[in-house]
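As annotated by TrEMBL, region 'CPSase' applies to 1-193. Feature annotation from TrEMBL assigns domain 'Carbamoyl-phosphate synthase small subunit N-terminal' to 3-133. The L-glutamine binding site annotation in TrEMBL covers Ser47, Gly242, Gly244, Leu270, Gln273, Asn311, Gly313, Phe314. Per TrEMBL, the feature active site, nucleophile maps to Cys269. The active site annotation in TrEMBL covers His353, Glu355.
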Amino acid sequence: MSQPVKLALADGTVFSGTAFGAEGESFGEVVFNTSMTGYQEIITDPSYCGQIIVMTYPQIGNYGVNPEDIESSGTALKGFICREVCEKPSNYRATHSLSSYLAEHGVIGMQGVDTRALVRRLRTQGAMTGVISTVDLDDASLVAKAQQSPDLVGQDYVKAVSAKETTCWSEALSELARTPANQTTLPPNSKRPKVVAIDYGMKWNIPRHLVDCGCDVEVMPGTSTAAEILERNPDGVFLSNGPGDPRPLDYAVNTIRDLIGKKPIFGICLGQQLLGLAMGGEIYKLKFGHRGANQPVMNKKTGRVEVTSQNHGFAINEKTLPDNVEVTHINLNDNTVSGIRHKTEPVFGVQYHPEASAGPHDSRYLFDEFMQSMIGVNV
Ligand SMILES: NC(=O)CC[C@H](N)C(=O)O
């Protein structure tokens, strides 16, 4: 028999559906993602720590879940909502159905929801805290819990998902992810650059790309100091994506500030936001964020438009950036900052995901730009 589940939002709205995955109760910031595919990468992206995800695409789960397409060792999200979940996946790579995977990882799933109504609510009111529950189905009680649950703003979620110790990363892209168009060839006799990747909740396809580019990669905790990083003597430092509000992460901002001018730096998503803070910019919260695999971004230098994968709820305020920082990319949906670069140092970042996974590969060239900044020649 299908079990009921409810979602209550802090604005008092309650949605009912049918449970799949795990049973229980959890709270999180309720956000929506417009990707048609890629649910497995979304579910295992640590940047969703503290959030309940609503998928706008009406049927999710039809190709199941496989062990190769994961983006971290587990799941960090607080709930997963869709219109309809497919219980009979069809894919030769699948080892799990979406339901069994979520059950195994303790994630509450909810289907049978009018996701169009829910997403319209989030678009008009903004992303907000919600409670998802299979154990308390009383509307008033759930709404009260949603209103009393802590807001994502102002909290450090990085410490929950960041690497705890320094490790070497050796996994490259899978054969299926590698195409002739996305190969980097190191010049003859060039030594392999060493990258320290600071892990604030890093998606695994990023170090896989760095290895494919010809880098030796060391992963370090998000709390690492500049002295600890410089001790490893890297040729470049990568700042990863990660969950939550970047503004409380003083330890990360201080580290990055101390590294600017000493090493080439490349930041993705949270990494770019932290870079912006370290260079003197300010961060604000977007009303409902950008989460999907078809966000248009313009590269201001080339005028070329890249279709990008995105997952963020905060952004850099362009007006607060100092004169030595330029905006290199803009999001064409709302003209927000999508990329920044230091004018005199090899230091840059983007608000989107050049590692794709899931999403288009239009922005892979950014890994080549990072390579060039480390080895000093074009690749
Ligand atoms: N994917 C990410 O790195 C997200 C960055 C940040 N947590 C935000 O929501 O804006």
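Any Cβ shown, glycine's included, is placed from N, Cα and C.
TrEMBL: automatically predicted annotations, no manual curation.
Context for these features, please: burial, neighbours, distances.
According to DSSP, the domain 'Carbamoyl-phosphate synthase small subunit N-terminal' (3-133) comprises 26 helix, 47 strand, 58 coil.
Over all protein chains present, the Cβ of Asn311 (L-glutamine binding site) has 29 other Cβ atoms lying within 10 Å.
Look at Cys269 (active site, nucleophile): DSSP puts it in coil. Cβ contacts within 10 Å of Cys269 (active site, nucleophile), excluding its own Cβ and spanning all protein chains shown: 28.
Contacts of His353 (active site) defined by a Cβ separation under 8 A and a same-chain sequence distance of 6+ are given as Lys203, Asn241, Ile268, Cys269, Thr308, Ser309, Gln310, Asn311, Gly359, Ser363, in order along the sequence.
Its Cβ placed at the centre, Glu355 (active site) has 27 other Cβ atoms within 10 Å. A coil conformation is recorded for Glu355 (active site) in the three-state DSSP classification, outside any helix or strand.
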Given Ser47 (L-glutamine binding site) and Glu355 (active site), what distance in Å do their CA atoms have, once rounded to a whole number?
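Their Cα atoms are separated by 14 Å.
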Which of Gly244, Gly313 (the binding-site residues) has the most other Cβ atoms within 10 Å?
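Output for this query is Gly244.
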Using the Cβ center of Ser47, Gly242, Gly244, Leu270, Gln273, Asn311, Gly313, Phe314 as the L-glutamine site position, which other residues in that chain lie within 8 Å, going by their Cβ?
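Neighbours found: Asn241, Pro243, Asp245, Pro246, Cys269, His312.
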Can you check which residues sit near Gly242 (L-glutamine binding site), meaning Cβ under 8 Å from its Cβ, same chain, 6 or more apart in sequence, and list them in order?
Pro46, Ser47, Tyr157, Val158, Val161, Ser162, Tyr200, Gly201, Met202, Gly222, Cys269, Leu270, Gly271
What is the total of other Cβ atoms whose distance to the Cβ of Phe314 (L-glutamine binding site) is within 10 Å?
20
